[in-house]
Structures are given as C-alpha cells and as structure tokens.
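The structure appears below as structure tokens.
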Amino acid sequence: MTYLDEAVSLETVIRATVPRYTSYPTAPHFSTDVGADAYGGFLDRAAAEDGPISLYVHIPFCHSICHYCGCTTKATRRYAPIEAYVEVLRSEIAMVAARIGRRAVSHIHWGGGTPNLLSAAAFEAIVGDFHRFFDIGSDTEHAIELDPRHLGEERASFLASIGVNRASLGVQDFDPAVQAAIGRIQPAETVMAAVDHLRGAGITSLSFDLIYGLPEQTVSSIRRTVETAMALAPDRISLFGYAHVPWFRVNQKLIDTAKLPGSELRLELERTAHGSIKAAGYTPVGIDHFARPGDAMALALSTRTLRRNFQGYTTDRADTLIGFGASSIGRTPAGYAQNVTDTGNWRERIVGGRFATERGRVLTAEDRLRADVIEQILCFFDVDLSAMAARHGADLAVFSADLDKLEPLVRSGWVTAHGGRVAILRHGAELARLVASAFDAYLGTGGRHSVAV
Ligand SMILES: C[S@@+](CC[C@H](N)C(=O)[O-])C[C@H]1O[C@@H](n2cnc3c(N)ncnc32)[C@H](O)[C@@H]1O
Ligand code: SF4
C-alpha cells in the first residue's frame, strides 16, 4: 500500500488496504522454505516448553458455497470425501502427538468450512484421539463454528456430550434482500431454533458472526439485523467487514459489485452496527468483536490478557497452536506453519508419513518484537514501545522510522506518540489496522488485502 501522506481524512483510511494481522508476519509473507522438516523442528522445540497448547481442526467442506465466502472450503453433497478426510486427519493427529508429546490442552477449536457436516462417529473418533494423546480437562475450552442451517436438537445434545462448550454461529445478516444477494437464505427462525437447541443442550456460551459491507445492506436494514441479533442475547459478537477478494475467491464473482456499498456507506454501516451493539450494553473488543460485560473476553480486555490469533480475538494464552487439516495454520514459539491447501495433496503427504506443511515462517527476534507490538495495538489500541523493546532486549530506536509514518495521524489528533507510547485516541476500530501497519517491516512487499473498514 502507499502509506498515508499529508492530508489524512477518514476517507483515506477507509480506502487504505492493510492486513487484518491475525499473525505477524502475515500469511502472504510465509515462505516455502518452511516445509515438513522445519515443522518437525518447530514441534521439537515446542515439546521442550511447558504450559498448555491449543488445537485447531479445519474441516474444508460445506453443502454449498455462499457467494461472499472467503474461507478455504469446498462444496460437497456426498459424505465419502468427508469420511476419507477424517481418516487422514486422525493420522495427522497421531503424527503430531508423537512428536510434541502428551500436553495439557487449553483450547480446541473446530473451524471451516462447516465442521458440523462430520458424522457423530467422526466427531467421537477425533475427540477420542484428543483424549488419548493429550490432557483434556473440564476447563478446556471446546469451541465450534456452526452453520445454523445444519443444527437440530439432537446434534446440539451430541456436541454437548463430546465436550463442546462454546459455539459461534454464522448469522451474517437477517435481511431477506441481503440474504438473496449473498446466496445464503437463512430465516431468523432458523437462527432462533439453533440458539434454543444449543442452550437447551447446555452449550450456553454463544457468539454470532455478523458482516457489514454486504450487497443490498442499508443503514436501516443493518440496524434491524443487529436488533434481531440482540434479542437472542449472544455472549459475543464478531462484526466482520465484508472482504471482497474475487481474484482470490472465485465464488465472490457471484456478488454483484454494483450492489456493494461504497466506502462512505460501508463506514456508516459499520458505525450503525457498532453503535447499536454498544448501545445494547456490549463491550467493544478490538477491531471487530463485542462481549457482554462479565464475559471472559471482556475481562481479558480489561486485564490486558486478550490475545489475537488466526481465529481472531481469543482469551486463549497458549503459545503453541497446532493446526490440523488441509490449509490449517499453526503457531509455535519458533514460527508459523501452514498445511498445503489442496486436500488431495495434504492426504498424500500425511499418508506418506510426512507432515503436510507447505509454507511458513521462522520467526526472527525482530519479528517477535513487532508481532508483540502489532498484537497490542490490535487488542488494546495502544502500546508501550519502551516496555516492548525492554521485554525483547531491543533498543527503542528500532521504531524511529515507524513512528515517522504515524506523523500524519498524530497531526490529525487521532493518535498520540510520545515517551515511547503510542495510543489511538479516536476511531480505534477503524484505525488500529493502519496504525499497526506502521510497525510492519514487510508492508508493501506481499499480496493484496481488503480495505481497512
Ligand atoms: C468459516 S465461516 C464458518 C461458519 C459457518 N460455515 C457458517 O457459514 O455459518 C466463519 C465466518 O467467517 C465470516 N466470513 C466468511 N467470508 C467472509 C468474507 N468474505 N468477509 C468477511 N467475513 C467473512 C462469516 O461471518 C462466517 O460466519
Ligand atoms: S460462509 Fe460458512 S457455509 Fe458459507 S461457504 Fe463459507 S464456510 Fe461454507
């Protein structure tokens, strides 16, 4: 991107394209130098550390693909490919467990795709493996991403029976015109029924995913969507800006770009949704999350223990996150590792007894320092650079060029930067990605990103 020059308007900020920083360095800066051997080394190093680890399982299958979807998944109506996938997944789990050893698990996360397409037997087998290889306790957070269109009463009870205690539901938008434009018809009653089933089964920690910036959205339609969502009282809400990347996700070519809101309306949609959620009593968390006061995520914000990882904001503090499945990304103290995306290729590698790592990143000392700074900005909208430099044994001077880049934002009165401390004073949710990007040493040398707001 071109960094901000003299005259900064919020408009400029909206148009700036910056990463979402779910990792630093970001995924476009991962390299194929990190493969199976390097990942083995990462796991060996992680095995030498104490403390719990986290597990992420990627299920890249859906019944059909929503037009807007930016996730790595594919459509299938048959169960055979899913069954075959699960078998390989179990081999991968055994392989990683043999290398990292028996560890306590603080967090399990099923993502996708649509994890709920797995049969009960498949869930039981994988969760059984987790119990066999790792220490899963009653305090392990066990979360799943759910599509409300595929969740009956029986399935909700089943998920509770295998230990699932948190669910995030893909709500997106309740407006029928928006739903038609995004290829996802999901009446409010469907979401209400899913919420009832989950609560009835004892899975009471619920989160909703909402998206602004979708085709056909208006200020009044998004206000109604938020009101409907609020009536169901989820504990948390993720309010994502629609990322339109049709060069990367061909299904998004089905979105009529003429119906997409322009940058001004997009900002207004975000403001409206943000304001309505806040007015309903939720605490804004970072750039796109909200939590009820008293919820663990709101607490993590106030105690400055909130973290950010590939799934977004989290209360999980584990330093090692193991990714299972095609395209999954893991983080270890030594670096990041991403599995190959193609499921056939992933299967071939695992069946051949090798890790399926295709790309990744060995972290340098400076990467670690900058990753910490960027995470602080994304989580808390401020950072104590002196403290960060001291923690990493670095000199504050390492940031001098970065601080220069913030000058226009400082002159606008939105950001302060003195005494080694940077704080965003206004428009935090809109500005955090941009302010963080000032500390990104690789910015402008990677792929294309979506707009900041
Ligand atoms: C991997 S999906 C899993 C949820 C589940 N498959 C469903 O659709 O209900 C996680 C969330 O990512 C968000 N998402 C997907 N594509 C997006 C895009 N292009 N821009 C912004 N958010 C997106 C949606 O809010 C979705 O609920
Ligand atoms: S939004 Fe969810 S259901 Fe729709 S295609 Fe993406 S992962 Fe599948």
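Cβ coordinates come from backbone N, Cα and C, glycine included.
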Same S-adenosyl-L-methionine 1 site per TrEMBL - residue from Tyr56, Tyr68, Tyr282 joining Gly112, Glu145, Ile329: Tyr56
Binding-site annotation, TrEMBL, S-adenosyl-L-methionine 2: partner of Tyr68, Cys69, Gly70, Gly113, Thr114, Arg184, Asp209, Ala243 in Gln172, Gln217: Gln172
Cβ under 6 Å from ligand 1: qualifying binding-site residues of Tyr56, Gly70, Gly112, Arg184: Gly70, Gly112
Sparsest Cβ surroundings (other CB atoms within 10 Å) among the binding-site residues Tyr56, Tyr68, Thr114, Ala243: Ala243
Those binding-site residues in Tyr56, Cys62, Cys69, Gly70 whose CB falls under 6 A of ligand 2, listed in sequence order: Cys62, Cys69
Surrounding CB atoms that lie within 10 Å of the CB of Gly112 (S-adenosyl-L-methionine 1 binding site), all protein chains: 23
Helix, strand or coil at Gly70 (S-adenosyl-L-methionine 2 binding site) [DSSP, three-state]: coil
For Ala243 (S-adenosyl-L-methionine 2 binding site), the one of Gly112, Glu145, Ile329 that lies nearest, given that the binding-site residues are compared by Cα: Gly112
Nearest of the binding-site residues (Cys62, Cys66, Cys69) to Gly112 (S-adenosyl-L-methionine 1 binding site) - Cα to Cα: Cys62
Rounded inter-Cα distance in Å - Cys62 ([4Fe-4S] cluster binding site), Gly70 (S-adenosyl-L-methionine 2 binding site): 13
